[in-house]
Amino acid sequence: MSPVLSGVLQLLALIAALALSYRPLGDYMARVYSSEKHLRAEKLIYRTIGADPDAGMRWPAYLRGILAFSAVGVLFLYLLQRIQGILPDSLSLGFTAISPDQAFNTAASFVANTNWQSYSGEQAMGHAVQTLGLAVQNFVSAAVGMAVAVALVRGFARSRTGELGNFWADLVRGTVRILIPLSVIGAIVLVACGAIQNFSGIHEIGRLTGGTQQVNGGAVASQEVIKELGTNGGGYFNANSAHPFENPNAFSNLFEIFLILVIPFALTRTFGKLVGNVRQGYAILAAMGVIWLGFTALMMWTEYAHHGPALQAAGGAMEGKEQRFGVGASAIFATTTTLTSTGAVDSFHSSFTGLGGGLTLLSMMLGEIAPGGVGSGLYGMLVMAIIAVFIAGLMVGRTPEYLGKKIGTREIKLAACYILITPTLVLGFTALSMALSSPPESILNVKGNSVDGSGAHGFSEVLYAFTSGANNNGSAFAGLNANTPWYNTTIGLAMLLGRFLPMVFVLALAGSLAEQTPVPETAGTLRTEKPLFAGLLVGAILIITGLTYFPALALGPMAEGLS
Amino acid sequence: MNNSVRSTARLVGAGLRALLVLTVVCGVIYPLVVTGIAQAAFHGKANGSEVTVDGKSVGSERLGQSYNLPGKKDKDGNPLPDPKYFQPRPSAAGPNAENTQYKLIVSGASNLAADSKTLLDAVKQRRADVAAFNHADPSAVPVDALTASASGLDPDISPAYARLQAKRVAEANGLPAATVEKLVEDHVDGRVLGFMGEERVNVLKLNVALRELAGAGGKR
């Protein structure tokens, strides 16, 4: 079997698995978020929080809940890292406290569902920080994203009310009923493949030629599974999902890709169920699926073709890739992780072909909506759908409507603000970093190291860092030394603003939609469940992103890929 | 004003209690349950798939290790590969810089770009070195021998790279070439379920088997 055929078969197997899980999981999640019953464990949790799970919240209250919960999360995680030095060795593994700027960066990163890591996992974080801090945020930051998506969907589904549901109930249900059960199953599968799961700490094992080597123990499988399922991406080890203890074989690799995609895709079914028309969900799914499949096919093509002087000399694009995965599966992982807000890697994007690296960048620049992060993918895509409906309305000269709700001045302003946030953060911080004198010193692939002497790849390293941060991805062109006060602070800010500012606009939008009286469907209503609309949506996404980022992409990956 | 301060405090209090209770659920109960099941059902794998020979640990099946001549260095101070063993892929995992308390195995990639001159030179150098070391034609050296892996701990090499090394390994161990070539073929792992990933040879398992063979032949 040729490597290309193997790659295509793996892609088909993945699609089949996603298709099989789409309806059951999507319907289940719809029931979770619309159920009136509370589990006994949940009642206990609500009593501890001191919240009434049945109290409806208007959008400002919902937002305040998210901000309070997330702010406490940042502070807790920051303090946990700062006190690591005084924890007992069994909890800290003997590692010292994390520096203030790096601790801020890491705390912001995990709470914002980004999981950008300027530290090296096996050399910095002990059991306490990994398991009590980072893994917990993997769960709850994902549950927050899903809660916001569900709140927006309720905005479409409800009328003449401002209430979007209860944040505490959505947070707890997402965690307890969706993420934890799937994680337990997934973690066992990963251990069966060979991922480690223990608390034995750093210990010595032998070597064949004599002597010993020291390896980390840790609760790796349990953290690995939620890192993918919650589209977080922060690895236990420096090499992330390329590390054999995190991702032991080709099956676990494909399984991890499946875990990344399963919730974001299935949420379109949940959306369809909750708005009472599953075909509306299929249209959104189609737009997501077309982009994901198109990017994956392009990525596989460019990686198999291995353009670039060094890769041509080697005879294949295997730099920064593992033998057990090969080129094809690594390419699928790379597009999946960057089109969602995951950022886990099973191969290192910096050593991809120029065009392949550019594709990972472009994937994130689309706003991570195809299918996107858990929750954030759906609400990002629905905001784009509103823009697409608006464009279509302009073409035919009608007041645009979506799902029976008028898209008026207020709605379009909120949607426009949403899509302007990340480009502003990405391009602003990248420009600042290139203009100032010391930040560029962190670049690995500098001018002079590059064969053509252009330094295009070096620019891409910085552009990638802020694109990854502001879009809450977390993957990196890891040549960049990002553990400096400048990058720790600016990327930390980009992650927080890139996560929570859009949520403000999404929830305001949801509130405004929920207050409306639905407009009856007429012959002139745009049929948003039809393929034509899905096509329009894909076009709108590509054009808006293209126009926003083309100049920056031309300076970086396109200059490298075409030279 | 006073009112809004009080309601903010109440909200932050709720947030803190929510975080703490979810920390207990997701950060204590969940990992302990998974660890319990994993340790009971998959004890060896959950603890790192250690390989033992005659009761002595020789490493982890999952992690690559180096097979160098003890105490010998080339003129640049790099260790020299031991011709008696199959050699793994190049590794770009960095030195253990951040914490000097342990001699930890560190993972990582080179992150060098496809148009990097450093990488281009490294590939050319490796091609020449691997060809000379194995008395092979430079054009026969496969790609995995020329590129650093993603983890820096890749436990596998391609069957092509293992076959390329077979003759040299056989000579160094005083074994017939055909015996070592057969050993390599016996250690080729196919794609998972026939189509996932790539064919590969686990270097540690191959070297363990090789040493048994060489020991049995009385050549060591």
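Each position is counted from 1, following the chain as shown.
Quick reminder: no glycine exception, Cβ is built from N, Cα and C everywhere.
The annotation transmembrane segment is assigned in TrEMBL to A:61-80 (among others).
Residues annotated as transmembrane segment in TrEMBL: A:132-157 (among others).
Distant neighbours of the transmembrane segment (A:178-199): 28-29, 32, 127, 139, 142-143, 146, 217-222, 224-226, 228-230, 244-249, 251-252, 255-256, 259, 262-263; these residues of the same chain sit at least 6 beyond its ends, with a Cβ under 8 Å from one of its Cβ atoms. Residues or ranges marked as transmembrane segment by TrEMBL: A:178-199 (among others).
TrEMBL lists A:250-270 (among others) with the feature transmembrane segment.
Sequence annotations record features per position, and here TrEMBL assigns transmembrane segment to A:282-301 (among others).
Summarising the annotation, TrEMBL assigns transmembrane segment to A:369-394 (among others).
Marked as transmembrane segment by TrEMBL: A:415-436 (among others).
For A:491-511 (among others), the entry in TrEMBL reads transmembrane segment. Long-range contacts of the transmembrane segment (A:491-511) within the same chain, counting only residues at least 6 positions beyond its ends with a Cβ under 8 Å from a Cβ of the stretch, are 58-60, 62-63, 66-67, 70, 74, 101, 104-105, 108-109, 111-114, 116, 118, 148, 151-152, 154-155, 162, 164, 376, 379-380, 383, 386, 411, 414-415, 417-418, 421-422, 425-426, 429, 465-466, 469-472, 482.
Positions annotated as transmembrane segment by TrEMBL: A:532-554 (among others).
The transmembrane segment (A:282-301) shares the most Cβ pairs under 8 Å with A:369-394, out of the stretches A:61-80, A:132-157, A:250-270, A:369-394, A:415-436.
Comparing A:61-80, A:132-157, A:250-270, A:415-436, A:532-554 for CB pairs under 8 angstroms to the transmembrane segment (A:369-394), the maximum falls on A:132-157. For the transmembrane segment (A:415-436), same-chain residues at least 6 beyond its ends with a Cβ under 8 Å from one of its own Cβ atoms are 365, 367, 383-384, 386-387, 390, 459, 462-463, 466-467, 469-471, 486-487, 490-491, 494, 497-498, 501-502, 505-506, 509, 544, 548-549, 552.
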